[in-house]
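What follows is a single structure, written as structure tokens, with notes after it.
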Amino acid sequence: MVSLSDRLDYIVGAKAADSLDEVFGIRTVDDLLRHYPRSYTKGATVRGAQDERPEAGEHITIVDVITEAVTLPMKKDSKKKYLRLTVGSGRNKVIATFFNAGYISKGLTKDTRVMLSGEVGFFRGVMQLTHPAFLILDSPDGRNRGSSSLRRIADASQAVSGEVLMSAFERRFFPIYPASTKLQSWDIYACVRQVLEVLDPVADPLPADLRAKHGLVSEDEALRAIHLAESESDRRRARERLTFDEAVGLQWALVTRRHGELSESGPSAPPRSDGLMAELMRRLPFELTEGQREVRDVLSDGLAATRPLNRLLQGEVGSGKTIVAVLAMLQMIDAGYQCVLLAPTEVLAAQHLLSIRDVLGPLGMGCQLGGAENATQVALLTGSMTMAQKKKVRADIFSGQTGIVIGTHALLQDAIEFHNLGMVVVDEQHRFGVEQRDQLRTKARTGIMPHLLVMTATPIPRTVALTVYGDLEMSTLRELPRGRQPITSNVIFVKDKPGWLDRAWQRILEEVAAGRQAYVVAPRIDETEDPQKGGQNSRPSETADGLYARLRSGELANVRLALMHGRLSADEKDAAMMAFRAGEIDVLVCTNVIEVGVDVPNATIMLVMDADRFGISQLHQLRGRIGRGTHPSLCLLASWVSPGSPAGRRLCAVAETMDGFALADLDLKERREGDVLGRNQSGKAITLRMLSLAEHQVFIEAARDFCTRAYEYPHLGLAPHPGLADLAARFIDTDRIEYLGKS
């Protein structure tokens with residue numbers, strides 16, 4: 001008999017096993033049985049005159065007599081031939097085409113009774129099948145001839161007389177699998193049938209009481225029913241069980257990672273009443289919100305503990321995450337540790353340097369004239385710095401003079417040595433992976449696992465928080481600091497109302513005349529980038545270079561413009577941002593390089609060109625660059641799509657709410673599940689086969705509860721079955737999280 005871990009070549013044959021491995025990476029019985037059907041089709045039928053016609057793309061299986069069989073030359077190469085069959089007549093006529101037919105044409109002749117199976121198309125109202133699977137049902141010598149998959153099923157179900165038993169094909173439903181031209185659905189079905197006929201009863205990885213609590217069928221029943229059950233209710237119960245399996249596997253991988261990190265020793269840093277953190281609290285020119293105080297206290301308690309803190313801080317744009325992180329870093333510095341803040345771009349890293357130095361004042365001027373007695377240093381380390389600059393920063397870090405190091409990916413590759421690293425802060429977590437944030441933690445002293453705080457201004461749906469970030473505890477800032485100004489958002493559908501775009505340029509001029517500043521955002525840098533990337537129409541999208549050149553002599557000819565995008569050198573980007581921040585530039589023409597972290601309080605209006613080319617979360621992030629000062633702000637989303645299109649409705653949804661959490665839920669419903677989890681260490685995408693983060697919150701929460709209790713409280717009798725590790729296997733080595741990077 002056969003178990004789930006057995007290789008397929010001993011069961012289905014080397015040729016079929018090699019094809020499954022080559023096309024889908026399917027190697028074992030478990031791999032094959034978890035290659036679930038994508039849909040189901042009715043069994044083989046003789047179509048009647050009154051039968052409803054199938055829809056294009058539907059998988060059909062028909063039995064009928066060939067009324068015409070013609071071999072014709074290919075148009076592009078007359079030496080090559082193709083076979084065209086006509087079966088049935090009238091509205092049920094089907095034309096089947098076989099290219100490079102060769103030996104196929106010998107058996108498929110007029111008046112032969114055949115079975116054809118494939119995806120149906122239509123041409124001039126006639127049903128079409130291209131290279132369908134086929135089976136000759138009245139072969140003169142009684143041998144089964146046809147596609148290997150159908151032939152194998154026919155051979156296995158043949159009567160003593162040699163006649164094909166049609167009952168094998170007349171089931172109410174057949175599974176339709178994700179397939180390819182090389183490996184069709186019938187091929188996969190034949191292998192599945194062959195495996196299930198010899199498969200031993202499958203041991204259940206979940207305890208009986210858990211299955212009973214959630215009304216789940218057994219693993220063995222589910223794996224068989226998902227492929228062979230003819231009843232939809234049986235298939236539904238199988239899907240529920242296999243969905244729960246996937247939720248448990250994912251949560252077990254996450255709880256294993258989480259507790260693996262917690263087993264390390266963390267740098268304990270109790271708060272000091274005479275330290276930098278307490279002094280900054282006394283000097284702050286504003287009051288923290290209630291939410292900020294709560295998160296500060298949670299972080300303070302975590303930093304004082306002897307196990308490493310692992311926490312995600314999410315909050316709306318402008319909710320004040322940075323000051324909370326600064327207070328946490330000062331608590332670590334008070335205890336003799338250093339901190340590193342990892343930012344995704346040099347623009348954001350430079351912004352953090354300015355804002356943190358500004359909020360610290362003399363407390364951040366260590367070894368400088370005018371610095372406080374116990375002041376620390378704040379330093380920047382990026383890839384564009386000169387070797388001499390990097391050498392000076394490295395020396396101050398190694399000596400311990402620098403308490404807060406701010407940098408980009410350069411921190412990961414740089415030969416930097418810390419005097420005593422105690423905390424890693426990662427800003428905009430979705431731009432980094434697990435392996436990158438952990439790479440910094442390895443720069444601490446042996447035996448110490450630095451505390452970890454990761455931050456994002458992109459709100460995260462609860463189901464994503466429980467999965468993608470399931471190895472982290474979570475804090476949320478929803479309350480905006482007092483004084484944040486409202487942002488009005490409007491969509492400009494340019495095709496319908498071209499005059500509104502003219503008015504948008506006029507509004508920018510009005511804001512500039514009032515002494516304020518503006519952003520104009522384009523989806524591309526220049527014409528070398530794919531004009532259709534993310535688009536829904538044939539019109540090439542705007543470019544930052546093109547807009548900048550046009551606006552200088554056109555709509556914004558009389559204002560001071562600057563250009564900002566990712567291909568500029570670090571010095572050019574710094575110069576543009578410094579000039580814009582200083583008020584020397586009126587309008588910044590840019591790409592989404594300003595999506596995160598850029599803080600210019602005097603900027604009050606933003607025009608996003610071809611807004612449909614941006615994701616929901618990107619638009620919400622971009623909009624957060626305005627409304628940061630004392631004046632009400634306006635965000636205009638210009639698009640050439642129609643209002644009723646999916647892209648148009650998405651833009652309207654963004655314009656109608658400033659609730660980033662509501663937009664995050666909408667974003668999750670629209671994206672493919674495969675974008676959520678990222679890739680494993682071999683680079684293969686981690687995809688969800690059954691589990692939907694948008695639809696299965698109940699399953700995800702139940703799985704998290706079970707896995708957490710089973711891991712943390714084995715004395716309660718929740719010790720997991722051995723099969724849990726198998727469910728978690730494809731998630732356990734996930735080393736790169738990409739959920740929000742694709743938003």
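Placed from the backbone N, Cα and C atoms, the Cβ positions cover glycine too.
Note that the coordinates shown come from a computational prediction; the quantities given were computed from them, not determined experimentally.
The region 'Wedge domain' annotation in Swiss-Prot covers 44-171 and rests on similarity to another entry. When averaged over the region 'Wedge domain' (44-171), pLDDT in the model lands at 77.
Residues or ranges marked as domain 'Helicase ATP-binding' in Swiss-Prot (evidence: sequence analysis): 302-477.
Just so you know, the Cβ of Gly320 (ATP binding site) picks up 20 other Cβ atoms within 10 Å once every protein chain is counted. Swiss-Prot lists Gly315, Glu316, Val317, Gly318, Ser319, Gly320, Lys321, Thr322 with the feature ATP binding site, giving sequence analysis as the kind of evidence.
Residues or ranges marked as motif 'DEAH box' in Swiss-Prot (evidence: sequence analysis): 427-430.
If you look up Swiss-Prot, you'll see 520-694 marked as domain 'Helicase C-terminal'.
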Using the centroid of the Cβ atoms of Gly315, Glu316, Val317, Gly318, Ser319, Gly320, Lys321, Thr322 as reference, list every other same-chain residue with Cβ within 8 Å of it (recorded ATP site), in sequence order.
Ala457, Leu477, Leu480
Judged by the number of other CB atoms within 10 angstroms, which among Ser319, Thr322 is the least packed of the binding-site residues?
Thr322
